[in-house]
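Structure, as structure tokens:
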Amino acid sequence: MSAAEGAVVFSEEKEALVLKSWAIMKKDSANLGLRFFLKIFEIAPSARQMFPFLRDSDVPLETNPKLKTHAVSVFVMTCEAAAQLRKAGKITVRETTLKRLGGTHLKYGVADGHFEVTRFALLETIKEALPADMWGPEMRNAWGEAYDQLVAAIKQEMKPAE
């Protein structure tokens, strides 16, 4: 999966699948981002406690403006990083953003299992967002690999401050 000097090898075929599907989903990213997070909380209700803005909130998740803002931001960043993966040969999220993401995920105790739940929720959200004839093993693998690359980049930054 990785080439010399840490460059990511993401095939043209996978890139084409990601770009084609992202073009369809991008128009509805606010709604899809929220659906993505609702799936995470459906699978792992305790994950709500990892988000300070949800801990003491009585606002239903579906209408929580802070969750909506966070959800679209995460969904768009994830999809844009996937779309740029082949061309850039690496995750294109700014280094400062990756450091912040790594620090935040470390602070809130995010573990491998959380990333797995998020991966499953992302793939299910994408599957539901696309026409049925577009979704299949190739599409699942393309998005799964792109997500795994993003997670690997975040995990690289999940180190306690020295």
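Every residue, even glycine, has its Cβ placed from backbone N, Cα and C.
Values in this document were obtained by computation on a predicted structure and should not be read as measured data.
In Swiss-Prot, the feature motif 'Homodimerization' is placed on 42-46, out of the ranges 2-6, 42-46, 67-71, 97-101. Which of 8-20, 47-59, 73-85, 112-124 counts as motif 'Homodimerization' depends on Swiss-Prot, and there it is 112-124. Arg140 (site 'Homodimerization') sits 29 Å from Lys66 (heme b binding site), taking the CA atoms of both as reference points. The local packing around His105 (heme b binding site), expressed as other Cβ atoms within 10 Å of its Cβ over all shown chains, amounts to 19.
Comparing the recorded positions His70, Arg140 on other C-beta atoms within 10 angstroms of each C-beta gives the minimum for Arg140. DSSP states for the motif 'Homodimerization' (42-46), grouped as helix (H, G, I), strand (E, B) and coil, give 4 helix, 0 strand, 1 coil.
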